[in-house]
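The annotation transmembrane segment is assigned in Swiss-Prot to 25-45, 58-75, 81-101, 110-130, 141-161, 175-195, 196-216.
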Amino acid sequence: MEHPYLFFVKLFEALGFEHFAHTSVHIIYTWVVMALLITLGVLGARNIQIVPTKMQNFLEVLISGIEEFMVSVTGEEGRWFFPLAGTIAIFIAVSNLIGLVPGFFPPTASINTPLACAIVVFVFTHFIGIKYHGPKYIKHFLGPVWWLAPLIFPIEIIGHLARVLSLTFRLFGNMMGHESVLVILFMLGGAFFAPLPIMALGIFVAFVQAFVFFLLSVMYFAGAMEHAH
């Protein structure tokens, strides 16, 4: 089901990229989210002052809040991977929220975006495991006793691959379902008269889904740091 009107799709059509505009909507709006976040970051970091401005204060509270929550899960040892975890959390939250603006499409409502984020988390999880344990990281997949290894190993492999599917479909399913409801309401009531309760619910869902993705990612990272038993 298509959004009734997508501003940047129309822009790309006007520039002569009709095929790309219709087949890569999620890519276009991922670029929009990236541009928005980069602009916000540049504006916030341009004039850092001892007495913070409103923008600086907002960014400091947001970033420090996410970081301290993550450290409460991973411990101080996990602070170094906050830039990746925090970036994923903020990117997903903004990607979810942007779909509430008439004429915009949430990139997370396309399965490609959640899948890409999930693959990044999957790869980085095992990077952490290898970084902390080296070749001994394989023990995470072999179980507590050696003679159960032939049984435990394939189960662990399937479990880790299932994490990608879990992260992907949880985020995609919720955002696609909400987007479909919004599309119907926009068509029935007009782009600027969608019922406010649904919009409020959309804001709640956007933050909850970003938080769940972030929390699960951090838990996977923390698990990779732990020693196998």
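Cβ coordinates come from backbone N, Cα and C, glycine included.
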Maximum Cβ pairs under 8 Å to the transmembrane segment (81-101) - stretch from the list 25-45, 58-75, 110-130, 196-216: 196-216
Cβ-based contact of the transmembrane segment (25-45) with the transmembrane segment (196-216), 3 or more pairs under 8 Å: no
